[in-house]
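In TrEMBL this protein carries:
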ACT_SITE  B:LYS205  active site, proton donor
BINDING   B:LEU9, B:GLY10, B:LEU11, B:GLY12, B:THR13, B:VAL14, B:GLY15, B:GLY16  NADP(+) binding site
BINDING   B:LYS105  NADPH binding site
BINDING   B:GLU190  L-homoserine binding site
DOMAIN    B:355-432  domain 'ACT'
There are 2 protein chains.
Amino acid sequence: MKPINVGLLGLGTVGGGTLTVLRRNAGEITRRAGREIKVTMAAVRDLEKARKLAGPELEITTDPMAVVNNTDIDIVVELIGGTSLAKDLVLKAIANGKHVVTANKALLAMHGNEIFQAAQAKGVMVAFEAAVAGGIPIIKALREGLTANRIEWIAGIINGTTNFILTEMRDKGLAFDAVLQQAQELGYAEADPTFDIEGVDAAHKLTIMAAIGFGIPMQFDKAYTEGISKLTKEDIAYAEQLGYRIKLLGITKRTEQGIELRVHPTLIPAKRLIANVEGVMNAVLVKGDAVGATMYYGRGAGAEPTASSVVADLVDVTRMLTSDPENRVPHLAFQPDALSDVPVLAIDEVRTSYYLRLRVFDKPGVLADVTRILADLGISIDAMIQKEPAEGEEQADVILLTHITVEKFINQAIAKIEALSSISGKVTRIRLEELSSN
Amino acid sequence: MKPINVGLLGLGTVGGGTLTVLRRNAGEITRRAGREIKVTMAAVRDLEKARKLAGPELEITTDPMAVVNNTDIDIVVELIGGTSLAKDLVLKAIANGKHVVTANKALLAMHGNEIFQAAQAKGVMVAFEAAVAGGIPIIKALREGLTANRIEWIAGIINGTTNFILTEMRDKGLAFDAVLQQAQELGYAEADPTFDIEGVDAAHKLTIMAAIGFGIPMQFDKAYTEGISKLTKEDIAYAEQLGYRIKLLGITKRTEQGIELRVHPTLIPAKRLIANVEGVMNAVLVKGDAVGATMYYGRGAGAEPTASSVVADLVDVTRMLTSDPENRVPHLAFQPDALSDVPVLAIDEVRTSYYLRLRVFDKPGVLADVTRILADLGISIDAMIQKEPAEGEEQADVILLTHITVEKFINQAIAKIEALSSISGKVTRIRLEELSSN
């Protein structure tokens, strides 16, 4: 089957990320989509820079209309941002019968009604998972995962720049201006950060989520928008004393009077999971009448997280163009003839860290024996607690955390430790996982 | 257009919830699906009980094969559980050309390969969002939302019973047996809790997620399963001292040697978001190479949360049967001709709580004046902090949290408070949201 040909408008952060992800994971993506997805053309501002990034197999142009008008292209990915040229390009792509994938929240919040109407009339898809909360598949959750529910409200941390600033202000007791400068140096805030810090970017995303959640047209002009630039570290500290964190939330709520649509700094109880979403991370909390509250958490920006959503949309469109409707999404995500026979490991071969608790008789040399046994098996110790024996007892607990090892080695070590005369009874062994996102 | 006819196999907790949700949200569901979804028949064990629950417009039978063989039924929803009769019914429904929705994790983990092959051959859908993590749309996220990624690992709290028990053991310092009994009294644990507490239920769900994440066949027999019944409160306390929480995790990981597939109690750093998922709540953390870590959180069991996923699958099948492929999912989730014109409220009309910070001159009666102003506008106070003036200053901070009111009233109050001679400067106002899931 011939590949799906993709034309990129823009080869900056997200465009570059999209190219990288499509190339690195080409095998898995094809196994999932049922067909190769290939970027064949890109419109850029700087030809030379783009050539270096894209390599020779890609047609590069400075004329975005040339991509939109190229009859070989099946899907146009709009990543140039803004609301004027981007709008013309998207509408022209639709008119040309091409499917569109876009990450452009401003465009959709302001012109989505017109764009969707055009797409509907022409019978093409306009997919926009990347427009809200970067790599988090929140559009799919709202549009498909929660369709049973009357949505009551949506509340989201949907701007990483401001969440980073608020996290730093709280952690370090710093003022807004100082943290903003730091965020700019780290690349988490733009040179002109207005759209982020004044809540405009969040309001674009919130407008889109409200439309999907409540089945209303896009109404960005009705959104209330208040940013974080006037927040003081004193208010953050007082909120903390009262048991609250301050987050920039986008909130949309159905009430008897109408729909609330508002972005502003908000005190939320510190014990809520979403209050503990820190740094540049995003999270969206959705309250449905049947499911209750569900939350979706992940990276809301950045090259590859955003590309993750762009490519997911490309796979969605490709599946629609490739398979019969009832086989559009394979049961196990991968095409049935493309499953892998990679083996499932026996538990003995698993690699992880361990918590060990030993009951030891309080006599000299026992820890030396234990640590020797572990060292001989190549197991290193990350942390240890040694308790005093309780009153009237001769034994005490020793707790060890190990670094990563193979389970069979820890089992050998435990057998040897249990055989020591200074050890009482069985060793308690519980596995430990760091679950680091790096 | 004629409705989609649904036949339910089982009208217990989830079946009843499915009926309730479909009826209560019929309007919104039809606006999303493009077509009415109607339960026309149900197979039950107790005819009389079922009749009371279902009302007269439903055909009730004790013979599940009668549902599967009914030529008027488009989608069969299998909710009877188990792996023998359920398997026969599902395969027969497929053979009859019916689409199937199931919440049966054991069935899929053990016989999914055969069932999916049959469905594939027959050109029908077998949808199973409700089989993993109840109301959380994790199957959709893994199968469609994260298709750009090479999945590196998945770690989930995917059994509410055991998470409730572990949460109570830690919070209250209780032993396993005591909490299990309490969980049974609350209905969070079954009379025979073996499947839950020994990790079998979690292993079923993990098997399904591993297959989707890595594109491997279902291999439940290779899963390692260890429950929580041997965990002691001492180990939970020691873990806490070391900065960890103990959770029953389902973990599946891709390594160079093969796939790890294991359910067991696990220490995880207390600072991770997933370590703070408490009580009966579920959460799944997925690490993809492009997106990084994303997390999905919500209720993993219960009548309506599970029904939320069952109905989402019904909408998925209905959309496939109803719309052209490129219009399968409407851009704004609701059909374009079914958008609502409910108004967006002006910010003045928004109802929320407020944090107010006032700089007050340290003189008698000032708080009486402030509280009088608030009371006159019907605004009640939830909490207050009054600070002493800093050394050498005449003013001090007073912080008030209000109960819910309308924004225009708080603005009127602020104007009056700022006019008091005992108040210095502007009042700081920050909105407050409880974000409660109730």
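Every residue number used here counts from 1 along the chain in the order it is shown.
Cβ atoms here come from the backbone N, Cα and C positions, even for glycine.
Features recorded in TrEMBL, as mapped to the structure shown.
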| residue | record | DSSP (3 states) |
| --- | --- | --- |
| B:LEU9 | NADP(+) binding site | strand |
| B:GLY15 | NADP(+) binding site | helix |
| B:LYS105 | NADPH binding site | helix |
| B:GLU190 | L-homoserine binding site | coil |
| B:LYS205 | active site, proton donor | helix |
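In this view, B:LEU11 (NADP(+) binding site) is surrounded by 26 other Cβ atoms within 10 Å of its Cβ, with every protein chain counted.
Among the recorded positions listed (B:LYS105, B:GLU190, B:LYS205), B:LYS105 has its Cα nearest to the Cα of B:GLY10 (NADP(+) binding site). Of all the binding-site residues given, namely B:THR13, B:LYS105, B:GLU190, those whose Cα is no farther than the 10 Å limit from the Cα of the residue listed as 'active site, proton donor' are B:LYS105. Separating the Cα atoms of B:THR13 (NADP(+) binding site) and the residue listed as 'L-homoserine binding site' is a whole-number distance of 13 Å. Residue counts of the domain 'ACT' (B:355-432) by helix, strand and coil are 23 helix, 33 strand, 22 coil (DSSP-based). Residues belonging to the domain 'ACT' (B:355-432) score a mean pLDDT of 94 in the model. Excluding B:LEU9, B:GLY10, B:LEU11, B:GLY12, B:THR13, B:VAL14, B:GLY15, B:GLY16 themselves, the residues of that chain whose CB lies within 8 A of the CB mean position for the NADP(+) site are, in sequence, B:LEU8, B:GLY17, B:THR18, B:VAL44, B:LEU79, B:ILE80. Within the group of binding-site residues (B:GLY10, B:GLY12, B:GLY15, B:GLY16), the Cβ with the highest number of other Cβ atoms inside 10 Å belongs to B:GLY15. On a Cα basis, B:LYS105 (NADPH binding site) lies 18 Å away from B:LEU11 (NADP(+) binding site). Long-range neighbours of the residue listed as 'NADPH binding site' (same chain, six or more residues apart, CB within less than 8 Å of its CB): B:PHE128, B:ALA131, B:VAL132, B:ASP201, B:HIS204, B:LYS205, B:ILE208. Calculated from their C-alpha atoms, the gap between B:GLY16 (NADP(+) binding site) and B:GLU190 (L-homoserine binding site) amounts to 19 Å.
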